[in-house]
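Report on the structure given below.
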Amino acid sequence: MLLKNCKILKNTKFEKVDILIRDNKIEKISENIDITDENIIDIKNRFVTAGFIDVHVHWREPGFSKKETVYTASRAAARGGFTTVMTMPNLNPVPDSVETLNKQLEIIKKDSVIRAIPYGAITKEEYGRELSDMEAIASNVFAFTDDGRGVQSANVMYEAMLMGAKLNKAIVAHCEDNSLIRGGAMHEGKRSAELGIKGIPSICESTQIVRDVLLAEAANCHYHVCHISAKESVRAVREGKKNGIKVTCEVTPHHLLSCDEDIKEDNGMWKMNPPLRSREDRNALIVGILDGTIDIIATDHAPHTMEEKIRGIEKSSFGIVGSETAFAQLYTKFVKTDIFSLEMLVKLMSENVAKIFDLPYGKLEENSFADIVVIDLEKEITINPNNFLSKGKNTPYINEKINGIPVLTISNGKIAYIDKEEINL
């Protein structure tokens, strides 16, 4: 496959090149590659970069295929420019043993159009009491997490970190102290009071991060914080890094894009976990990106049925979809307004992910895996969930206009998504 007339970023400047793909690798990147026997695709001077890597998606299968399937989720991710994703273990059965993990791996092998690497659960059934069969499943999982809930026992988390260090696997944490949730459904603040909805305080997240950073130091383990949302959490991670502790973290697009003030009414589409916090918290997240405290962006793509999201904030399920719109929303909100550079954004979604988790992906260079996304930076669409490839339509960003639309995604040398109106084969 030969991609002609590509525009790539090199040393902060655009260069026009051709990219030759053979098998699953990038064989050559050069001006004017002239090979006639290849499948030639004219990219028409669109932006080309390494495929995005998302370390936080809920693909819902096995167990919850009413919400999403591997088939639909992988195509949605490819449409958003993702070529590698890591799937969360809050499934049925939970991947906490070789047998249960294999059920998920079989579905991925059969139905996914992109590279998908499962997480293993930290604890059996994600109950937080007894460690899963971590040693037995380590070779086939990306890392370990009980995402969807916090590990409440410090001792269980410490034992998990000791095992993670032994296996050279990260411990990835959804940080939430159950004793501080107090029946809340959105951020505890002025807006929750105005809407008459019980709130979840920021300390519900940040206190568990502080605990875990110290445990990670004691265990000498790579500790990664999921979907950071509060200013105190950013501070805790920043201090951990300053002290040489192996702590990294991610932020979601929606926590960068919005805050609780954007919730104008009691609408379950705005319910997510962690919740959208204050304007001050959102600003702290942006500063955390700019100063390097926050390492990467991950979507926390969490599809639900419409029935689960139309019950108001208190009774709806937590979660928002993001695979198909993440890059475009961030490009529109932050790159077009000169808050982030284009180079910074693509690194946050690809190269940085590969770097902190030591992955052989996230590079657009010769001999690297042919994981590529072609983006039309000028193309504008209006977000319409009815057009999503995901089964999940649960987004509050309906009718938002966005630029920077992926039109071709190649994962491991194979076309995973193509906009046939924009790209001619």
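Note: Cβ is positioned from N, Cα and C throughout, glycine not excepted.
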One of Asn24, Asn267, Asn273, Asn352 listed by Swiss-Prot as binding substrate at the site of His58, Trp59, Arg60, Asn90, His304, Phe318, Gly319: Asn273
Listed in Swiss-Prot for the Zn(2+) 1 site shared with His56, His58, Asp300, one of Asp146, Asp147, Asp212: Asp147
Of His222, His224, His227, His254, residue recorded by Swiss-Prot at the Zn(2+) 2 site of Asp147, His174: His227
Length of the line joining the Cα atoms of Phe318 (substrate binding site) and His174 (Zn(2+) 2 binding site), in Å: 13
Binding-site residues clustered about Asp300 (active site) [Cα within 10 Å; pool: Arg60, His227, Gly319]: His227, Gly319
Distance in Å spanning the most remote Cα pair of His58, Trp59, Arg60, Asn90, Asn273, His304, Phe318, Gly319, given for substrate: 16
Lowest local Cβ density among Asp147, Asp300, which the record lists as recorded positions, within 10 Å: Asp147
Rounded distance in angstrom between the Cα atoms of Arg60 (substrate binding site) and Asp147 (Zn(2+) 1 binding site): 13
Those binding-site residues of His56, His58, His227 having Cα within 10 angstroms of Asn273 (substrate binding site): His227
List of residues, in chain order, with Cβ under 8 A from that of His304 (substrate binding site) and at least 6 apart: Lys67, Ser317, Gly319, Gly392, Asn394
